[in-house]
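Have a look at the structure below, then the notes.
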Amino acid sequence: MLNRAMALTPVESLNEVEAEAELARLAAEMAAHDAAYAEAAPTVSDADYDAMKARNLAIETRFPALVRSDSPSLKVGAPVSTQFTEVRHGVPMLSLDNAFEAADVTDFVARIRRFLNLPADEVVAFTAEPKIDGLSANLRYEDGVLVQGATRGDGRAGEDITANLKTIADIPHRLNGKGWPARIEVRGEVYAPNDAFAAFNAEAEAAGRRTYANPRNFAAGSLRQIDPTVTAARPLRFFAYAWGETSEPFAETQAGALEAFEAWGFPVNPRSVRVEGSDGLIDVYRGLETDRAGLGYDIDGVVYKVDRLDWQTRLGFVSRSPRWAIAHKFPAQQATTVLEGIDIQVGRTGSLTPVARLAPVTVGGVVVRNATLHNEDEIARKDVRIGDTVVLQRAGDVIPQIVSVVLDKRPADALPYVFPTHCPVCGSEAVREGDDVRRRCTGGLICSAQLIERLKHFVSRRAFDIEGLGEKQLSAFHDRGWIHEPADIFRLARDADKLDALRAEDGYGETSVRNLVAGIDARRVISLERLIFGLGIRDIGDQTSLLLARHFGDWASFHAAAMEAASGIPSPEWTQLAEGHGVSPRTLSVMAAATLSPADPWPEAPIDQKLALAFPGIAAPARRALGPLAVDWAGIVELARIAREDGPSMTLGEIAGIAGVGPVAARAVADFFHEPHNQAVVAALLAELTTVQDAERPKSDTAVTGKTVVFTGALERFTRDEAKARAESLGAKVSGSVSKKTDYLVAGPGAGSKLADAQKHGVAVLTEDEWLALIGG
Ligand code: IVH
């Protein structure tokens, strides 16, 4: 991912078609990263994510008409998960614009001065506060008592994690002093100090329990525990820095608000200061950058906020972030170390991933021993060699990245790295297919690495989430020959002999055995989306699984559709015809409908005419494309057969057509179920399960079912995502542009060209409130 930007077409060179495709790609990719982030398992570094966000915005700025309703630029934060109850924030929790360079900061100050129309001698004061790299929380106090605590979620609504937040000693259950508003939402950051985080991980690793990649993931994972006693045992801290709804004003300045928080019993970051002008801000930034590694907790920048609250009110908001604040980000933290070796990991789909083994080095307070090298091409592009001194970068990332090689320090005998052509685990050939950047082991079933990875995936948190069954146990059980496929896990739980062997030979205590069995048995009841995700189908992540589950509703329907799609995988000839030669679906359907005699009825006619007669109504360019393929009448008959029999099943199209799924994922489902071995694995697994819980299907009898809706303008009652999700759950189709097929345009303030389009096409235009009334609030 890191250097993908290098291979990307510059935004200025994109044409409209490319831009549209690129925006679609970015929306999908960033949505996947958001989902992973929400689960506290980020799949991308902050720096890469920011780069994608910036690219998305740059393309949208050039092609404003192409802004998608699911554009990442319209989102505030991570989507809300369903595990906890949703709570609506009294006032939305916004995000901040970023500044990266000093010039961005002077621009920020100049913008504020201009907006407020300040005279030259009027000084603007700010607070400069460390930007804590944790998780923001909203704490609702009524009459001084903490009544509710929530995550930020998507900014408008988060998750109710009151019980967990109450376990954090820094968070007062009752406000101290006096002068607090009768109702107030205090906001701030939950974080984990670096040393406590490291101690936790060391202990977890020794005990074979789950470790976390960085303090932020650790804080996020700790807050999302179902059992608050687990959270209570985690070393979490809190700093207050903002507020949401309040029944009355309680300060006149941001600095005054921070003082009030402190008086009420909240920790306020001791490095938060009040300064004047952009020079003052940059001084604080430099100071914090110098002291950063010694603070004891991760910060990723400095937040500047206009101090006077009356000015903040006047400045207001631009889309999702305040005009009165900005986050000045630190560059990624770097260090150099020696690359001692390159290990090849084999993933569950057989992909070979190179991982750098490094001489341990501290980067930004965290000891790093490994870094991803992504794939074969990346190693070649950077010409990374074993023995090289490399520059490492950690930007709050899961896995640090290798930025570059220090060529001056390259040992004379270092050779270019040769990527293995065989699987390091099973020895099968490893090949690259098509434009896949990954080399994959072809060992399939015989490759134990793939097998273990698939089982690990199966028991993982977002799949079957089996307590007490981690990599260590899976490998041990696999080595004993007990577990080869998911069903074996469930068989183990009812196999008295094997459980006895665990007690006798593996030193399992009675409680451990009981817990293991209980952990497995608990998952004989599983939700449809977890089951689909757990199968480990290539390209089917948890979000796609959810979409599939919601679309099909129950296992029988999903399974029937998947099998039907599998039986209708297009033949290579058909794919060549449709994709290679670009024969349109309409032409293919004309061809499929033709009834042709095996003998040529028009032996004298040239091929073009034969085609015109055989397939009446197809266009001249299509005939020109088909002519050289058909050659003669027999060829025409064969093409008609291919069009009729070899095309994809309707079901494959149905799956591909589910919003958010698409052709690649649909094909992956079909391919998976096409494989007899996979069918057997699925059948064996289903035999072990007692219930597959149905997914909630979108309602099909609402006022907007089947209607096409477009949202435009600044929506005030909900975010775009929320509006879209809600509309879709009611059976409406949400589109990005207005046409005569549109049924409703829901227009917020500032609606522009779409409003004009709607008037032109006579489309009903609704305000947000009218829309809400239509869908029943
Ligand atoms: S103020 C409208 N102050 O940064 C302003 N945020 O990108 C709301 N953060 O979601 C935020 N330290 O998680 C603010 N001193 C600070 C902060 C801070 C960390 C985080 C917070 C927020 C994100 C915004």
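Glycine too: its Cβ is placed from the backbone N, Cα and C atoms.
The NAD(+) binding site annotation in TrEMBL covers ASP46, ALA47, ASP48, TYR49, ASP50, SER95, LEU96, GLU129, ARG152, GLU189, LYS305, LYS329. Under the heading active site, N6-AMP-lysine intermediate, TrEMBL lists LYS131. If you look up TrEMBL, you'll see CYS423, CYS426, CYS441, CYS447 marked as Zn(2+) binding site. Per TrEMBL, domain 'BRCT' is recorded for 699-772.
Feature annotations (TrEMBL) mapped to structure.
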residue	record	DSSP (3 states)
ASP48	NAD(+) binding site	helix
LEU96	NAD(+) binding site	coil
LYS131	active site, N6-AMP-lysine intermediate	strand
ARG152	NAD(+) binding site	coil
LYS305	NAD(+) binding site	strand
CYS423	Zn(2+) binding site	coil
CYS441	Zn(2+) binding site	strand
CYS447	Zn(2+) binding site	coil
Rounded distance in angstrom between the Cα atoms of CYS426 (Zn(2+) binding site) and LYS305 (NAD(+) binding site): 57
Where the C-beta lies under 6 angstroms from ligand 1, the matching binding-site residues among ASP48, ASP50, LYS305, CYS423, CYS426: none
CYS423, CYS426, CYS441, CYS447 excluded, remaining Cβ within 8 Å of their centroid (Zn(2+)): VAL346, GLY350, HIS422, PRO424, VAL425, GLY427, SER428, ALA430, THR442, GLY443, ILE446, SER448, ALA449, GLN450
Among CYS441, CYS447, the one of these binding-site residues whose Cβ has the fewest neighbouring Cβ atoms within 10 Å: CYS447
Nearest-integer angstrom distance between the alpha carbons (Cα) of ASP50 (NAD(+) binding site) and CYS441 (Zn(2+) binding site): 33
Inter-residue Cα distance where the pair is CYS441 (Zn(2+) binding site) and ASP48 (NAD(+) binding site), in Å: 28
Neighbourhood of LYS305 (NAD(+) binding site) by C-beta distance under 8 A, where only residues 6 or more apart in the same chain count: PHE126, THR127, GLU129, GLN254, GLN312, TRP324, ALA325
Helix, strand and coil residues within the domain 'BRCT' (699-772) as assigned by DSSP: 24 helix, 15 strand, 35 coil
Predicted model, mean pLDDT over the domain 'BRCT' (699-772): 82
Other CB atoms within 10 A, centred on LEU96 (NAD(+) binding site): 18
